[in-house]
Amino acid sequence: METFLFTSESVNEGHPDKLCDQISDAVLDACLEQDPESKVACETCTKTNLVMVFGEITTKANVDYEKIVRDTCRNIGFISDDVGLDADNCKVLVYIEQQSPDIAQGVHGHLTKQPEEIGAGDQGHMFGYATDETPEFMPLSHVLATKLGARLTEVRKNGTCPWLRPDGKTQVTVEYYNENGAMVPVRVHTVLISTQHDETVTNDEIAHDLKEHVIKPVIPEKYLDEKTIFHLNPSGRFVIGGPHGDAGLTGRKIIIDTYGGWGAHGGGAFSGKDPTKVDRSGAYIVRQAAKSVVANGLARRCIVQVSYAIGVPEPLSVFVDTYGTGMIPDKEILKIVKENFDFRPGMIAINLDLKRGGNGRFLKTAAYGHFGRDDTDFTWEVVKPLKCEKAQD
């Protein structure tokens, strides 16, 4: 059996780039909660003792940007300079302007257009991917890396590993077998965890706790064997972290947000963007399409691409590839996808309920991945029953 290795990485919520994603999405939540028609393009950057929020927002909502920044930092665990940022004493800068009237008239006619008339907020192409190798219909390498990161945060916050600090990264290499285009995981080849820690803990304690409390509960035993390689804090020291260790910026973890390097990516980030931004809404609808194709048994693996022009409601193109795993020809599956999914941005927003903010709805997406999550707020994860009678006629 010929196998190959594939690697995916993740970072947890205390990574400076992910901190920025979460702040941007917390701002989006606050705007949409009060005004579902808010037009939001919110970027965040951070460095030692500083968080800056900037971008273009047109909203009727009354938003306390500084409070959102401080609350988000505090909830992650940035409560002192020692851990990388002090939520209550860091400097917060806000540079927010209104959405360009040129964009507003072209996309939504200054809020006068009907949902089916709303154009894409920009040009671009987005990809959705699904695979039958996990219950989540996501790549195993990505699922495991993401869950390790989430578990790191869990054992930090519940006190199981009190030496942990907010920042951390994970990476998992999986050995795969290609079964006529479908991906079959064989074993976990390598597990890498680099986590921020306090001064009190030894490297031996770190390695023991990570194996016992993070790796064992996350990675199924069947994937681990005596040959599995573990790199646990291989640099030897990771005390300085968060924005003190590295600058952070919204939209720099787009592969972690999606499929861990599998499938493809059009390059657009998600966080801080309202649903007229097809970088986000377009990527969500093609994930639902790809997942529905696989979950309905039409293929074992599927990628869907959609593309847009600014101000134009209808997509320019829709593409489907099942990597040779389709039960019917790809052109038939494409026909089914087009019949069952409305790719117009205004209709995506309605069908996936993307104008609803509040309660951390989009904040939740900003750490541990936008896809493969078991949460009713992740409406794009709902599998649509696909009617294929027409396509097979």
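Positions of Cβ are set from backbone N, Cα and C atoms, glycine also.
Listed in Swiss-Prot:
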- GLU9: Mg(2+) binding site (BINDING)
- HIS15, ASP167, GLY168, LYS169, SER235, GLY236, ARG237, PHE238, ASP246, ARG252, LYS253, ALA269, LYS273, LYS277: ATP binding site (BINDING)
- GLU43: K(+) binding site (BINDING)
- GLU56, GLN99, ASP246, LYS277: L-methionine binding site (BINDING)
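The Cβ of GLU56 has fewer other Cβ atoms within 10 Å than any other of the binding-site residues GLU43, GLU56. Residue environment of LYS253 (ATP binding site) contains 24 other Cβ atoms, counted within 10 Å of its Cβ in all protein chains. Neighbour density for GLY168 (ATP binding site): within 10 A of its CB lie 27 other CB atoms from the protein chains shown. Between the listed binding-site residues, namely GLN99, SER235, the fewest other CB atoms within 10 angstroms of a CB are found at SER235.
In this structure the residues listed as binding ATP are HIS15, ASP167, GLY168, LYS169, SER235, GLY236, ARG237, PHE238, ASP246, ARG252, LYS253, ALA269, LYS273, LYS277; their two most distant Cα atoms lie 42 Å apart. For GLY168 (ATP binding site), the nearest of the binding-site residues by C-alpha distance turns out to be GLU9; the candidates were GLU9, GLU43, GLU56, LYS277.
Between the alpha carbons (Cα) of GLN99 (L-methionine binding site) and LYS253 (ATP binding site) lies a span of roughly 25 Å. The maximum pairwise C-alpha distance among GLU56, GLN99, ASP246, LYS277, the residues recorded as binding L-methionine, is 30 Å.
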